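Record features (Swiss-Prot):
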COMPBIAS  1-11  compositional bias 'Polar residues'
REGION    1-143  region 'Disordered'
COMPBIAS  19-28  compositional bias 'Polar residues'
COMPBIAS  32-49  compositional bias 'Basic residues'
COMPBIAS  50-60  compositional bias 'Low complexity'
COMPBIAS  81-94  compositional bias 'Basic and acidic residues'
COMPBIAS  130-143  compositional bias 'Low complexity'
DOMAIN    187-321  domain 'PX'
COILED    361-413  coiled coil
COILED    550-581  coiled coil
Amino acid sequence: MSSEDQFTSIQWDRDDGENTNNTPTDTTIKSKSSKSKKSKKSSSKKKNGNKISPSSTTETSDADDTMKEVTDQLESTQINDDNHEVDDGNKEQNVDANQIGNSDEDPTNSLLLPVNPQPKEPQEEKEDLQQQLQQPQQQLASIQQEPAPIQPPFNAVVNDESLSIQQQQQQQQPTGYVDISYYEKYSIKTTVTHPNRDLDTASKPFISYLVTTTTDNPSILKLTKEKKPKQGEEYLTFSVRRRYGDFRYLYESLSNDFPTVMIPPLPSKSNFKYLTGDTFSSEFVHKRLHSLDRFIRFILQHKILSQSSIFHLFISNSNDWATFTTSLKLKDSSSDESGIVGRVVNEDLITETVMNFLTPSKHKKETNKDILEINDKLKKLYENLIKLDKIFTKLKKKNHELGNDYDQFSNQILKLSSVQKGEDSIMTTNFKIFSDSLNYFSKSYNEMYRYIDENFLISLQDLAKFCLRFIQLIKLKNDKSTDLAVLQDFLNKELANNSGGSGSGSGSGGSGLHQPPNPVISSYQGGIVNNTTQLIKDTLSTSNTTISNTIKSDKIKNLEQEIAKETKILTDLTNKIINEEYPNWEKFNKIEIKNSMLGLCDQNIKFYNDLLEKFGEVEMKLIKRLDEDM
């Protein structure tokens, strides 16, 4: 196929596509394109005759020419759309003339092609375009003409506003926020009792403690298996067993969620008993039991901690706590594999300690009178608790030794009764009665020793630890105030340096900026290299002046923002310590000391009452024996 035939077939295909799409065409454009076709045909004939390029080259060039013609035609149609109404008569005449004049050359006029339907008139095409352009305007007008929404009643508006305010408040609430409205409405009573030795999945022994809760708090009831109290009962009582590791998870979670709240300390796990292997002795287990029970009591009387979701999950009898602790174990094992040094060493704590050590002492002085008074009270209370602990530790040892002595004394009296067994039965009976009384006295002393050692002394030691923990909270506040004072001094220095630099430069330019270097030749000629070096230095210093001033202003702005942030944190922490944490701690401390002293008094009263009853019986028996002998 020659290049002319190829061009004709391409033109036919193009015209078929135009006819099927019913796109209006201008015959004047066709006449122009026909002229270009003739010239291109002649050029293609020349190229074929001279054999300059192969047929593939002519095919690609013809295809490119057709694409250019199509684009030219589209552009011309877009340009002539606006003039369709004016030139309708001329276009009809041009169509007839072009159809007659170009019937031999234009393949669209060939008799071989089917008769095409009449294309749309230019007026109709213009109307279609106008309708398409008017669609977005109509949509906009319809939106603007929509009727106003019906106003809801006043109560509905108020409810919607209250809901929106509540949502905003929930969004503004911090992560550790707890709703304390349930603290006054509902009651929670939890005790830790009955330690028991169990085996885990790896057959390793451990001690579990029975945590019994009685409550009507709905946030706790929904976590339990029962979901609600029994019919006719107001409170629901349920129990669950927890081991020491569960208490440790609770403590760490509360410490992370409430860093500015006084969290009671747990009994230390790094005890000497763990090295000796005596971790399952009755003495050690009961000491830990009383400490854990006191830990729970402190949480119960705290408005925030008692209403925390993690504590509710801890005391509930559902299986969600096991899932929670398992996920924590997996997270800890996957996140930290740097060994014991990486787990124990706290980089932030080391940095804070070093920085506070290097900080001048003038910033470490406390100025708040309330904080100073609280700190003094805590230190005095701590010293008194330590003194009581030392005194009762000595008394405990004395009681323990005295109990052993009475035990040995009763054994010796019992031996005397066995010696006198064959000689005098009356003396033997009297020795047995007296030996039993001494044995009872020894057991009573041992019970007194056990109570002082496992309960009373542990309460004093725990309260002393609570004092230290509260002192640490005050120390956190002091560290924040020290940081704030250091930041304020640093800001003052920056402002002074900035004002000094601007004052020195204001004499020449008034704006605090250095003037550009002047090419003044000094009397000393140091050579081209020295002069060029000095010029470069002056230029660099001048170019850096604006940047350095911008950096200084940004630094001052950042310092002011940080100071405002630290001031707010410090104010909130100070108010919380004075108005919330210390009154709560003082109330708990008074109750615990009172209960400990009352418990010690009750134990002593019981001890001496039992001795009076026992020795009264012994005295009556001995007097009766003497009367019989008389």
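Note: Cβ is positioned from N, Cα and C throughout, glycine not excepted.
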Would you mind listing the long-range same-chain contacts of the coiled coil (550-581), meaning Cβ under 8 Å and 6+ residues beyond its ends? 260-262, 368, 370-371, 374, 470, 473-474, 476-477, 480-481, 483-484, 487-488, 490-491, 494-495, 497-498
Just to be sure I understand, if DSSP states are collapsed into helix, strand and coil, how many residues of the domain 'PX' (187-321) fall in each? 54 helix, 31 strand, 50 coil
Mean per-residue pLDDT computed across the coiled coil (361-413): 85
